Amino acid sequence: MPNALSQPADTSTSAHLRGPLAWLRSQALAKEYWIFFCVALFFDAGFAIYFFLFNLFLLDAHTTERAIGLINGAFTLGSTLATLPAGALGRRIGVKPLLLVCILTASLLGAARIVFLGTTPQIVLGFLAGASMSLWGIAYLPAVARLTNDQNRASAYSLIFCASIVTSAIGGAVTGYLPRWLTHFAILRSELVMHRWILLASCLIGVLAIIPAARLRLQPGKTTDEEQAGILTGFRLTPFLLRFLPCMALWTACMGAFLPFANIYLVRQNFVPMQKIGLVFSPGQCLQLFLGLMTPAVIRALGLLRGILAMQLVAVSCLCGLALSHSGPVAILLYLLFSTAHWMCSPALYNLLMSEVNDAQRSHAAAMVMFLNALLSSLTVTLAGASFSRFGYAIPLGVIACAGVIVAVSLFRLVSPYMRQEYP
């Protein structure tokens, strides 16, 4: 059996040092990948603005916090419940049709949520919108895998993830400054009307992704007669998936237990004033963007599994530091390093998953990992919130960090014997 942990040196490592253009050329990414990159750019840009602003829009419409909680809960429930059926649908109709359905339905439902403001319609539309958005993860993971090879797949996922950072930053800027600009020039006086037009514009940006998506050429995956026989066939667990999926879900749940509370942690511990919290998250996004592009270099230097383990250990070490920290600058630095290391892990883990399953099973594998991630994360976020409220931050963060170390080492030890190939 080949050593799946070792990787030979690659010329793209030195290309990293010569500049971004030289590095991009060294990756030899196909034209079809860049078409898909445009799809992701439009879709992420539109819905980054949408999700930044939607809850504020509901508040402007005099929706109560309780109703907003129910609406967001319906969205999460729809996204979780639709994940496994979406995986089966992706294998049945193909990745490109699934992508087109996702873009069209997500944009239309997004527009409908701006028009129908009653609590009941919002809950129903929230559930349907969540189900529609779940198609994106099921489509894009297999799409990128099919448009790349083992040599450039890590770089391809890193570029997509970094593009989402840029679009999130743009979404924050648009949400923060465009309403002020429109009010300053007296273009729109009502905040409700102003937010509605911005949200409609974001849906239009999202639906523009359908133009490059229609041009995308994705070769149909090869399936055996046995795989075509039943809708549940693709959900059969291989020895690799049997070990990878629980570890991936537990890792996502551990990290996700703290991420929603990071800003509250920095404010409640008196490390950052509330009015300056944005000054922490903006540099964090810049650091994620820069180091996210370095993920392929880390993988080439250490190997795929060792690289993942190293990034995971950096993340949990930062959590340990946050649990013990009594200094504002130190806590901010540790948070920035934690969020960046966690962000770098994601494309590497998805690269590992998509490389180790065959093409016919990729939609199902994506569905299973998304479903388990959502299921466990919703549970751990609830437990984490109760723990932070009762015990403060030091003890729960220490527990999360210890659990993260166990999961990271378990992933490394359990998965390595069942990897099918080396990663050059």
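Every residue, even glycine, has its Cβ placed from backbone N, Cα and C.
Under 8 Å from some Cβ of the transmembrane segment (33-54) lie the Cβ atoms of residues 99, 103, 106-107, 110, 113, 133, 136, 140, 143-144, 147-148, 156, 159-160, 163-164, 167-168, 170-172, 174-175, 195, 198-199, 201-209, 212-213, 215-216, all in the same chain and six or more residues away from its ends. Annotation comment: TrEMBL describes 33-54 (among others) as transmembrane segment.
Per TrEMBL, the feature transmembrane segment maps to 66-86 (among others).
If you look up TrEMBL, you'll see 98-117 (among others) marked as transmembrane segment.
With a cut-off of 8 Å between Cβ atoms, the residues of this chain six or more beyond the transmembrane segment (123-144) that come close are 33, 36, 40, 43, 47, 70-72, 74-83, 86-87, 89-90, 95-96, 98-99, 101-102, 105-106, 109-110, 112-113, 116, 153, 156-157, 160, 216, 218, 221, 350, 353-354, 359, 362-363, 365-367, 370. Here TrEMBL flags 123-144 (among others) as transmembrane segment.
Feature annotation from TrEMBL assigns transmembrane segment to 156-177 (among others).
The transmembrane segment annotation in TrEMBL covers 197-214 (among others). Same-chain residues lying 6 or more positions outside the transmembrane segment (197-214) and placing a CB less than 8 Å from one of its CB atoms are 35-36, 38-43, 45-47, 49-50, 53-54, 57, 96, 99-100, 103-104, 106-108, 110-111, 114, 174-175, 178-179, 188.
Panel annotation: around the transmembrane segment (240-265), residues 271, 277, 280-281, 312, 315, 319, 322, 335, 339, 342, 345, 349, 352-353, 356-357, 365, 368-369, 372-373, 375-377, 379-381, 383-385, 388, 393, 396-397, 400, 403-404, 407-408, 410-411, 414-415, 418-420 of the same chain, lying at least six beyond its termini, place a Cβ under 8 Å from a Cβ of the stretch. Sequence annotations record features per position, and here TrEMBL assigns transmembrane segment to 240-265 (among others).
Annotation source TrEMBL lists transmembrane segment at 277-297 (among others).
Among residues of the same chain six or more beyond the transmembrane segment (304-324), those with a C-beta under 8 A of the stretch's C-beta atoms are 4-5, 7, 154, 251, 255, 258, 265, 295, 298, 330-331, 334-335, 337-338, 341-342, 344-345, 348-349, 351-352, 393-395, 397-398, 400-401, 404-405, 407-409, 411-412, 415-416, 419, 423. Here TrEMBL flags 304-324 (among others) as transmembrane segment.
The transmembrane segment annotation in TrEMBL covers 330-353 (among others).
Summarising the annotation, TrEMBL assigns transmembrane segment to 365-388 (among others). Cβ atoms under 8 Å from those of the transmembrane segment (365-388) belong to residues 76, 79-80, 83-84, 86-88, 90, 134, 137-138, 141-142, 235, 241, 245-246, 248-250, 252-254, 256-258, 260-261, 264-265, 353-354, 357, 395-396, 399-400 of the same chain, restricted to positions at least 6 beyond its ends.
Under the heading transmembrane segment, TrEMBL lists 394-415 (among others).
Under 8 Å from some Cβ of the transmembrane segment (66-86) lie the Cβ atoms of residues 55, 58-59, 98, 119, 122-124, 126-135, 137-138, 235, 367-368, 370-371, 374-375, 378, all in the same chain and six or more residues away from its ends.
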